[in-house]
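Asks: Attaching a single structure in structure tokens format; questions to follow.
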């Protein structure tokens, strides 16, 4: 229990101050230029990809429908963070109300968990396409894809909504400086004059049982994909299957396998900086400079959304020609 001598502040009356990247305040303007460019590219690329998939009838396939979900999540993730980030860098608009800060926190975590589920769905899509190509359309029907999308959103909401209650239950005593460019769960919790063990435990649990579980299932999917690929006796036989189309099953598998490289790149871009930020925030406070942690966290919300449509857009463009 926090000491009774503290002057507690009602969360609804609090205003926070986001200071951007601590230690790099003098170069905020220069940092803002690439972030702004990446944000614009992310918006334009993902919105164009969504438009292309929606309007091109022959792109209404499971892989591209999941890709449109990923593009929408990227737009929401970048938009929930980048505008406020740029306002801090350009106009020194550092203040944000407690309610707005908590709302931003919720949407950031909500979109992150939902995007992780979409990446898992995309891995499952590649697994079915390669391991069961003749049953691909029967398994991943439009109805099944819709249910997977709804399940990703519902799971993310159930997992992330408790964060709102966890920060509202804490007692605050006036500390209101957040050394970050946007609001996230532990950044808010650490301003409390209260025991935050429940917040820490729940944050770790969410990371392990949602995104951590997603990663394990993605690894399992690709392990089974590799096992299927290595069942072909030789590279000669693999190319023969492609050139002669003598086996529809193996030809379909190779076509599906050719998309796996793009998906793996997207997975690495999504999870690597996220888990760097997660571990640095909790365990690397004394070894990793704080400005490096915050800079990576800032780039994380714009770099993957910018690169995802580029990685997948080339393949989608060829598919439409």
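Backbone N, Cα and C atoms are what each Cβ position is placed from, and that goes for glycine too.
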Asks: According to TrEMBL, which stretch among 145-167, 168-190 corresponds to the feature transmembrane segment?
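Replies: Of the candidate stretches, TrEMBL labels 145-167 as transmembrane segment.
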Asks: If you check TrEMBL, which stretch out of 7-30, 31-54 is marked transmembrane segment?
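Replies: The range carrying the transmembrane segment annotation in TrEMBL is 31-54.
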Asks: If I count Cβ-Cβ pairs under 8 A between the transmembrane segment (256-280) and each of 66-92, 145-167, 215-235, which range comes out on top?
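Replies: Result: 215-235.
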